[in-house]
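Q: The annotation region 'Disordered' is assigned in TrEMBL to 142-186, 826-848. The annotation compositional bias 'Low complexity' is assigned in TrEMBL to 146-168, 833-848. The domain 'EML-like first beta-propeller' annotation in TrEMBL covers 271-536. Annotated repeat 'WD' per TrEMBL: 546-578, 626-667, 672-713, in sequence order. Summarising the annotation, TrEMBL assigns domain 'EML-like second beta-propeller' to 553-819.
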Amino acid sequence: MTWGWVNYQEIYDVSAESSTEFPDRLSLMEVRLQAQEDEITLLKSSLADALRKLHLHDQQIPLLKQQLIAGKRFVKGITVPLALTRAIQSLSLEDALPESIQFTDETPIKLRGEEEDAFEEEMGKDQTWSSIVEESIQPTTIRTLQQQQSKSSEDSQGSCPQTPTSSSPAPPKEPASSPHGGPLSSIREGEKMLCSIKMFIRGRPITMYIPSNILNYEELRMDLPSQKLDLDWVYGYRGRDCRANLYLLPSGEAVYFIACVVVLYHISNQTQRHYQKHTDCVRCLAIHPDKVRVASGQTAGVDKDGKPLQPFVHIWDSKTLVTLQQIGLGTFERGVGAVAFSSSDAGTFLCVIDDSNEHVLSVWDWNKNIKHNEVKNTNEAVLAVDFSPTDTNNIISCGKSHVYFWTMTAGTLTKKQGIFGKYKKPKFVLCFVFSLTGDVLTGDSEGNILTWGKSTFQIMKQTRAHEGSVFTMCVLQGGAILSGGGKDRKIIRWSADLAPERECEIPEKFGAVRTIADVDGEELLVGTTRNAILRGTFSDGFVAIVQGHVDEMWGLATHHTQNIFLTCGNDRQVCVWNAEEHKLDWCTTLESDPSEIILLSVVSVGLSTGRWVVLDLQTKEVVSDLTDGNEQLSVMRYSPDGSFLAVGSHDNFIYIYNVTEGGRRYTRFGKCTGHSSFITHLDWSKDGKYVMSNSGDYEILYWDVASGCKLLRNRFESKDRKWASYTCVLGFHVMGVWLEGSDGTDINALCRSHSESMVAVADDFCKVHLFQYPCPKPKAPSYKYEGHGSHVTNVRFTHNDSHLLSMGGKDTCILQWRVKGAGTGDHKEHLASSSSVCSSSSSPENGT
């Protein structure tokens, strides 16, 4: 038998190294998977392009057979250059022509009489040879052929004859996408004119045609918009996954947070102020003993390249909203989970628990920004921390299956673990308070309140309090104690010796009790797990003063004449809000997740199942119930006069409906077929006859609805069309909102103002941007606004452009921005006549 030594430390190190490498490997695999998905999307879109071109070729070949006459080379007097002859050869069209037809520099082709008229009708009055072939061959071929053309007047006909001729620089080199696959602009030029722009997203070229009123694209000047935004109101509260985050200040303001904003809501005056210095989601709050200063900690977050940012704690003045101190930058990992001020020394110290694996506990002299102590806590979740009200050297923390009693001496922190002994050890110790006698009372997931001795660290008493968890406790001035339950949704008032005195139950629709704040000993504020804040008493019950969604939101719509807006999300709720009174008018719950919402005189809601319903705006009654396919409905738009409804689906189709009886009756009119991926955005023309649509593979298609939902294959014809709204993220007029390096999903939504002077953009990096409209040039300057803690999913202007509404995804937050400055000007003429180029490629931070 052979014996050998086993190096257990080496095995442990290898295991630890493997465990640390696992997230990196997983991240790498996710990146590769995303790259493969992108490649599949690109291949599908390329296949769709090829099929469309083949279809167009099939239509053109018989036309050319019938109309072309040997020995002629003119079409209604318009010269067909040699370069175009070669283009036709490159399309293999020459093989389809009679053998007697030969293409040379000298041999013209001319159509006469009825043949001439038929050909013109087929091509369209505004089309030329170049414009019809341009849609059929690769842009690279067109550019190459244009470079081969001579400079004679005979060959000066470009692919866009409507564009006035002007001097232009030499044709650019073949464009290439950026290393990130982002959009890069290239210019396709004729001999003396510029008629289209090309941008690239994930390697896919997207051609944008320049409207006729823009005389010189190169000299367009992109300015900042004349308007700016100010945060006016914040809808929502983060109660679903945070605790101890609702307090009442002596000023009469309730302090709470959602997304990156700490809200100070004056309950009597119904006004809000906002602390906006955080760069990512706020996770915790603490109030200084002077009831003026506030500490708020945030999560780390990531930048737009996916790199982690550093979390920190801000201490700020609630009267002036001035930041007094920032601590922990570069010290805390992942985020800040809990904070607490000391009490016995007038709030000199601040205790912080971070979200690292060890949940490090640190003690700071916050005024001097000096860290006094730091110690690794536990690998289990830590939910609360606080100083003893009588001794700064004693700190309590609790969390998953533990209560720790910390003693701070001579620059060190020592830990004593609470002993449960004969009592059942709970899965979570969720909260604790100090009684007036100095005992520690903990609430746990078993529904019990445990009383711990001050010096023994053992349980002295167990009190059965709630069915389900005890989420929060609060000590009143006279020593009475309040507890809030989870499953039973009860608020119970206890005497100082834990004898029950009074109780009440909050309505089921608000969820469980998350936190309680005492107003005057009788009136209470209650934060709930369904993101509501309630106000009331034991005798009179509770009503909501703050409400919000509880899951990711995508649907947002504003009324065309009133200051109301609608939202919907994955919580299956459809909510109608009053933007003027800052309140929820009504809310209803549907049987499946709503994905899109639109408002006319009725509320139309698209669901994730392909079903869509129409609700009466006043009664909430369902007046129509229809189904289109079995996939998610992603976008819905009424025509300007309300006579049609377009429904875009994930099944790649756009369904068009006739609308009658004031929006209560819908009849299928037709179906737009041609997209190779799911529909993302669509808009109606001002005359209500045409639709512009975007899809998940970055296509821009145009549809003639009035002629039977016909796909307009020559997109050049739509370059001067006027649109009633502009929410499509891809298009010439909004091309400048895309940053270099964008991957196609970086912009979730945009919205043009009704004045057509500005466009708001919702991006994937928690920002709202405000651009000048039109915005057709890359690197256009914008104002940038922070506040959301998640991807911004949607933006909409109110009917009179007085406010902008933005919606976060996972942060479940709705921000209402006040529009300041001149908002009625129309910049279109300015763009057409500008002659200087804006040199700034950066956006002012926070709109300043």
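The backbone N, Cα and C atoms fix where each Cβ goes, and this holds for glycine too.
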Q: Any residues 6+ beyond the ends of the repeat 'WD' (672-713) with a Cβ under 8 Å from its own?
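A: Residues 41-42, 44-45, 47-48, 52, 56, 135, 201-202, 204, 206, 208, 631-632, 634-635, 637-641, 643-644, 646, 648-656, 721-731, 744, 749.
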Q: Do you know the mean pLDDT across the repeat 'WD' (546-578)?
A: 95
Q: What does DSSP give as the helix, strand and coil breakdown of the repeat 'WD' (672-713)?
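A: Grouping H, G, I as helix and E, B as strand yields 0 helix, 21 strand, 21 coil.
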Q: On the DSSP side of things, how many residues of the repeat 'WD' (626-667) fall into helix, strand and coil, could you say?
A: 3 helix, 24 strand, 15 coil
Q: Counting each residue once, how many in the repeat 'WD' (546-578) are helix, strand and coil under DSSP?
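A: The composition, in the requested order, is 0 helix, 19 strand, 14 coil.
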